[in-house]
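Contents: one structure, followed by commentary.
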């Protein structure tokens, strides 16, 4: 661990709550702005256009992960142990090589396959620009996060959310009159903000320099992560390709925005937990303190269940109202996608905490094995279920596949840093979750649904959830005091 960070790690819970608050803001504002964009573009453009956009973005995510994801994971793992110059000079070298490969591949791909692109031709170069933009932005963002610079991380995420919406609307609606403008606006924003991030992070002070020994270590850790990241991307997006193949673009156009709603909504609560927890564990690891890391994994999993269970239930019980409010009428029939996918997303994000031991111990090949099994299961289930049940079958397949990786992470952790689940907290949050869901379930069963009543019963459910956890003594006095102090300081 670097000496300059020891003070930040004196009180892990205090630092966690501070970073969780900042990362929540960094997640909430861009997600809300993303929902605004979703509302606008699903009203301006038909499901077929949105379906093409969704499929193009699937390949953007896949290629960005394939090209740059392993670099970001290597930064996250090794930055706490290396001098800034040693890390940045080597990262710059491999990053420039990866970027050059993307540029050459883009040009060659267009020359070879231009005639086969069809309706997706206008998306081609926008997608390539997005791959480069995402690779650059995320690499710099990981650097801020692992350095425990949550303020800078949050600042640039907020700036990205605002600028992306502005540029996307201008280009898609007023300049190009095409949904591809959404992608160009996103790419332009990423490049502009990456320049600011590079200046603040100090990476511009360094020149590319390769150290074979360090790059070998990067490769040994990072290359298996390509397989894991690729598997993660396939788990999240393979369903869209298969829906397009078996059911057509219109079905994909209904499925994708509802999936995006639950993804954006749940990630508001779930993603900041991992963003705050993972750098703290990486910076705490000294090569020998396995017990300390195991305890931290259990503590962070406890916080995850306390926050994640009500978020997941809220997404499920509010699926129909949210789809009705936020999407155009032709997309609203897909609201059940939200109900089905939400539990799987919850378990997937829990697994990201549970497999931290493999990252710390540099056993990334085990993670690849687990995600490969989940991907195979996902593909088999998608083919079987989409043919029969359409996009709802895809939602079921995706949720089951997410859950399968969580089961794998729990079992396999016995051969690394064991993921000890907080069983008492899990029991309490399940009881609280049942109490939370009860008012909304009764509303739907009684056939007295209105939009106002849906929000009222959901709010009542949250009160019941907190009350149950309080009665079951789930909240610890010192944790509540720390949270109150953090809020007061803010």
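Backbone N, Cα and C define each Cβ position, glycine as well.
Copied over from TrEMBL:
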type: TRANSMEM; residues: 20-41; note: transmembrane segment
type: TRANSMEM; residues: 53-71; note: transmembrane segment
type: TRANSMEM; residues: 91-111; note: transmembrane segment
type: TRANSMEM; residues: 123-144; note: transmembrane segment
type: TRANSMEM; residues: 156-176; note: transmembrane segment
type: TRANSMEM; residues: 218-238; note: transmembrane segment
type: TRANSMEM; residues: 303-322; note: transmembrane segment
type: TRANSMEM; residues: 334-354; note: transmembrane segment
type: TRANSMEM; residues: 366-385; note: transmembrane segment
type: TRANSMEM; residues: 391-413; note: transmembrane segment
type: TRANSMEM; residues: 425-445; note: transmembrane segment
type: TRANSMEM; residues: 451-472; note: transmembrane segment
Proximity of the transmembrane segment (218-238) to the transmembrane segment (425-445), 3+ C-beta pairs under 8 angstroms: no
Annotated stretches the transmembrane segment (451-472) and the transmembrane segment (303-322) touching (3 or more Cβ pairs under 8 Å): yes
Tertiary contacts of the transmembrane segment (20-41) (same chain, 6+ residues out, Cβ under 8 Å): 50, 53, 150-151, 153-154, 157-158, 160-162, 164-165, 168-169, 172-173, 179, 182, 257, 260-261, 264-265, 267-269, 271-273, 275-276, 303, 326-327, 486, 490
Long-range Cβ neighbours of the transmembrane segment (53-71) (under 8 Å; 6 or more residues past either end): 41, 45, 91, 94-95, 98-99, 101-102, 120, 123, 126-127, 130-131, 134-136, 138-139, 179-180, 182-183, 218, 222-223, 225-226, 229-230, 232-234, 236-237, 240-241, 244, 249, 252-253, 256-257
Paired segments the transmembrane segment (303-322) and the transmembrane segment (123-144) in contact, 3+ CB pairs under 8 A: no
